[in-house]
Ligand SMILES: Nc1nc2c(c(=O)[nH]1)N(C=O)[C@@H](CNc1ccc(C(=O)N[C@@H](CCC(=O)O)C(=O)O)cc1)CN2
Ligand SMILES: Nc1nc2c(ncn2[C@@H]2O[C@H](COP(=O)(O)OP(=O)(O)OP(=O)(O)O)[C@@H](O)[C@H]2O)c(=O)[nH]1
Ligand SMILES: [Mg+2]
């Protein structure tokens with residue numbers, strides 16, 4: 001273990017002030033003196049004991065449950081002491097301070113965010129994908145995201161990665177062995193059907209990639225920006241989707257100035273909806289800033305809902321203004337960002353639009369079709385059962401694996417086979433795969449991942 005991970009750490013492991021019960025936990029080597037000082041007795045392994053937690057004068061700070069998990073059978077793989085106390089912020093702070101004081105001789109310090117889980121990772125209790133799943137479980141914004149984070153935490157994602165890794169290692173062994181017998185190499189690889197193995201591996205990888213992309217979508221969701229002329233009903237649409245009166249709605253054009261954002265969920269997929277100021281030429285200082293902000297949001301969108309007003313769609317001025325906005329959208333958005341034309345106020349008698357979705361923010365008609373359309377542009381294919389949570393980092397790593405396997409295929413198919421190049425591509429593919437579970441990950445990567453945890457985890 002690295003030196004910086006040597007000292008015992010302590011933290012309040014539950015959000016203080018909210019729960020009825022709060023836990024202070026300590027992890028490290030040789031916690032016996034601390035246990036003796038705070039609990040005034042020894043504890044049976046992994047058994048909850050009701051006792052007073054004592055201060056330096058042996059006065060009780062609180063009465064609660066103490067559990068000692070001797071190493072290596074604990075969350076972190078180190079000795080862990082849990083003090084389950086009453087959940088008030090002051091009592092928990094007192095208890096934490098007491099543990100730091102009683103543990104001064106063994107150098108107990110306050111834990112950094114994610115440090116317990118980082119130790120679980122460093123002690124091989126969990127791999128990196130599972131450690132990330134811990135954070136994703138805590139941060140999950142929908143039930144579907146929480147369930148799939150739990151699936152990743154139990155290893156559903158990791159075991160798919162391990163299966164890929166095992167197949168890859170098998171193929172690498174074959175190639176490396178062939179490298180040792182250069183005279184027979186082509187024959188040898190053919191007999192072992194290296195080509196068949198490689199294409200089977202790529203096929204399996206494609207499936208894992210699809211599921212990982214779905215998992216990342218479930219974690220991160222998509223950002224959808226509602227844009228259009230003033231008065232089209234953008235704020236009304238946000239309110240209708242959110243089921244709450246979040247944004248101000250009036251018949252006055254130019255009502256919305258600042259963006260209004262709300263995360264909704266559609267079939268468990270988080271959709272970050274952003275209502276923006278109506279787009280038009282304006283001399284109003286405040287409105288101009290609002291419109292500039294609208295464009296900033298639009299440029300960062302995964303999808304844009306271009307909202308039109310059916311009741312005004314027949315007017316030449318209205319059409320010209322819409323055409324100007326459409327041209328700007330094409331200019332400013334990368335081609336991968338879809339613009340969905342939506343015609344609002346379908347509850348009012350009006351002539352049909354040329355193309356696009358019709359709905360009424362007022363009555364709710366057409367909203368279900370819009371929701372389905374949003375899932376479609378997001379690329380959501382799954383029913384949420386069976387999905388494991390994943391991150392963009394994992395998707396990127398799998399894409400690198402795929403690229404190296406494609407290179408390997410090319411090498412294998414070439415007339416003059418360069419076996420050392422083939423071997424190198426397979427090695428790089430395995431490296432990329434290992435980055436997901438954290439074998440051979442750099443300290444930089446670990447720093448980024450664990451620093452985003454909450455304190456006490
Ligand atoms: N009180 C409490 N509840 C908690 C946690 C905790 O740390 N404390 N957890 C914190 O996230 C989660 C549970 N995670 C845990 C993971 C492993 C072990 C553990 O003792 N592992 C041993 C023994 C396993 C066994 O008996 O099967 C081991 O791995 O050797 C404990 C909690 C959620 N609930
Ligand atoms: N009949 C009808 N009226 C609607 C509908 N949606 C919005 N409106 C009305 O249209 C007017 C403008 O609605 P808003 O939601 O404020 O429009 P907006 O696009 O946010 O306007 P700005 O913030 O000014 O850009 C209000 O009077 C709404 O009641 C609809 O589906 N049907
Ligand atoms: Mg508005």
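The backbone N, Cα and C atoms fix where each Cβ goes, glycine too.
Note that TrEMBL annotation is computational and uncurated.
Cross-referencing 231, 344 with the K(+) binding residues that TrEMBL gives (250, 252, 255) picks out 231. For the (6S)-5-formyl-5,6,7,8-tetrahydrofolate site, TrEMBL lists 82, 125, 457; matching the candidates 25, 399, 400 against that entry yields 25.
Each of the binding-site residues 25, 234, 345, 457 was scored by the number of other CB atoms within 10 A of its CB, and the lowest score belongs to 457. Within 8 Å of the centroid defined by the CB atoms of 231, 250, 252, 255, the record's K(+) site, lie the Cβ atoms of 230, 249, 251, 253, 254, 256, excluding the listed residues themselves. Residue 235 (Mg(2+) binding site) falls within a helix when secondary structure is assigned with DSSP. Taken as a whole, the domain 'TrmE-type G' (221-379) shows an average pLDDT of 95 in this prediction. Highlighted in sequence order, 13, 27, 74, 75, 76, 80, 116, 117, 120 have their Cβ within 8 Å of the centre of the Cβ atoms of 25, 82, 125, 457, the residues recorded for (6S)-5-formyl-5,6,7,8-tetrahydrofolate, and are not part of that set. For residue 250 (GTP binding site), the nearest neighbour among the listed binding-site residues (25, 82, 125, 235, 457), judged by C-alpha distance, is 235. The Cβ of 250 has fewer other Cβ atoms within 10 Å than any other of the binding-site residues 231, 235, 250, 255, 256.
On the backbone, the CA of residue 457 ((6S)-5-formyl-5,6,7,8-tetrahydrofolate binding site) and the CA of residue 255 (K(+) binding site) stand 44 Å apart.
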